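**Q** Quick one: structure below, then a few questions.
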Amino acid sequence: MDPGQQPPPQPAPQGQGQPPSQPPQGQGPPSGPGQPAPAATQAAPQAPPAGHQIVHVRGDSETDLEALFNAVMNPKTANVPQTVPMRLRKLPDSFFKPPEPKSHSRQASTDAGTAGALTPQHVRAHSSPASLQLGAVSPGTLTPTGVVSGPAATPTAQHLRQSSFEIPDDVPLPAGWEMAKTSSGQRYFLNHIDQTTTWQDPRKAMLSQMNVTAPTSPPVQQNMMNSASGPLPDGWEQAMTQDGEIYYINHKNKTTSWLDPRLDPRFAMNQRISQSAPVKQPPPLAPQSPQGGVMGGSNSNQQQQMRLQQLQMEKERLRLKQQELLRQAMRNINPSTANSPKCQELALRSQLPTLEQDGGTQNPVSSPGMSQELRTMTTNSSDPFLNSGTYHSRDESTDSGLSMSSYSVPRTPDDFLNSVDEMDTGDTINQSTLPSQQNRFPDYLEAIPGTNVDLGTLEGDGMNIEGEELMPSLQEALSSDILNDMESVLAATKLDKESFLTWL
């Protein structure tokens with residue numbers, strides 16, 4: 001008989017009230033009533049009697065080795081002994097017959113859930129994978145007639161999802177059970193109550209029973225658990241599958257999810273904010289429907305959004321009002337005193353905060369020294385050199401060597417910077433000589449590194465500039481206010497093409 005096809009041995013008798021002993025070397029633990037028996041290994045050959053010697057006679061070793069190599073190199077011509085077909089082996093009928101679907105019910109069982117100790121029993125771990133389908137047989141066993149038997153038969157025909165992983169050892173066993181291992185490291189379990197051993201983990205049966213009893217819990221208790229965890233977010237709905245598993249539907253995105261949306265940290269934060277708001281709470285004993293809780297959560301979110309919009313609108317109104325006040329202050333300046341240093345300093349100081357706060361996107365305040373045409377262009381557009389027929393701006397350049405800006409204007413208007421000529425030095429300039437110096441370029445701009453102003457573009461028809469006037473006036477003393485203002489201008493990071501200074 002083939003050693004791999006021996007029937008399982010009969011379990012050894014055990015005394016009442018004593019735990020089963022450790023299985024012997026080379027054999028599995030004994031099997032109790034209704035439990036599968038582990039496969040036994042072939043018995044070791046008996047030793048010869050005393051005084052007898054066993055003599056092995058072998059032929060030519062080289063011939064035997066050549067035969068082995070020929071069998072591998074030339075498998076077609078080699079004399080390979082044929083194996084015994086599966087049909088000729090002494091296998092039970094259930095090995096060739098797959099189980100029928102009706103055999104899972106209790107009504108199809110003929111032995112009322114018990115099996116004899118000598119009946120060959122097939123467990124999924126020790127049976128052919130081709131004859132048994134995964135998940136087709138629940139923790140029962142097969143008899144030669146293909147009927148499910150075993151103590152694990154349940155009164156219902158419901159098929160549960162089986163776990164495909166081993167339960168860790170730290171999970172406690174039921175009362176009266178003990179886990180042990182064979183010499184080969186395979187685990188088995190001892191039942192001290194029935195004085196039996198088995199390969200099946202009793203914790204799996206406990207988990208399956210818990211899964212069976214979980215859907216049968218009263219709906220009132222389930223509703224209490226759901227209400228205790230809080231209402232669902234707006235647009236979410238809780239549903240249940242046919243197997244009793246809970247899932248969640250998002251009506252906004254038309255999606256479903258197994259994860260509870262109330263566990264999302266974003267929803268928890270919004271719920272905390274809504275709870276901290278001074279909202280009138282209902283009486284503690286009054287029942288609250290889940291729909292009312294959802295509406296309350298949505299109303300709190302809407303109130304927060306409305307409050308945020310109101311704050312943004314109020315901020316925008318304050319910014320527009322500040323700009324309007326600055327424009328009115330610039331319009332009310334007398335044109336006769338527009339060229340005074342105080343007025344120029346006021347215009348420069350009022351222009352910088354607006355550009356820094358608005359990120360350089362708002363219209364700069366027009367300088368009082370500008371002409372009427374430039375003042376109108378500055379008020380109506382974001383760039384004083386756009387939307388004009390006389391001034392043209394260069395395209396955006398990213399390879400410019402200047403570090404202050406990527407935009408430049410090829411030509412500066414003649415009367416654009418003529419109003420700041422009094423701010424260059426501390427020298428006293430006679431007011432009567434001011435009209436004759438309207439076209440004079442300010443000296444303090446030449447002293448700033450990085451400006452590189454092309455003075456040739458500022459020459460007019462009646463402009464006569466001497467050579468000494470083109471030299472930078474570093475030797476002249478500059479006032480501290482002018483230096484502070486220009487440092488703030490150069491340090492600004494957001495003064496691009498809307499800047500009141502033009503970088504060439």
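Here the Cβ of each residue, glycine as well, is placed from N, Cα and C on the backbone.
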**Q** Out of Ser127, Ser419, Ser480, which one does Swiss-Prot list as phosphoserine?
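**A** So the answer, going by Swiss-Prot, is Ser127.
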**Q** Among the residues Ser163, Ser276, Ser382, which does Swiss-Prot list with the feature phosphoserine?
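**A** Comparing Ser163, Ser276, Ser382 with the record, Swiss-Prot tags Ser382 as phosphoserine.
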**Q** Looking at the candidate ranges 133-158, 211-236, report the one that Swiss-Prot labels region 'Disordered'.
**A** 133-158
**Q** Going by what Swiss-Prot says, which of Thr63, Thr379, Thr457 is noted as phosphothreonine?
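**A** The candidate carrying the phosphothreonine note in Swiss-Prot is Thr63.
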**Q** Give the range, chosen from 86-100, 281-295, 431-445, 461-475, that Swiss-Prot lists as coiled coil.
**A** 86-100
**Q** Among Ser61, Ser257, Ser298, Ser393, which is the one flagged in Swiss-Prot as phosphoserine?
**A** Ser61
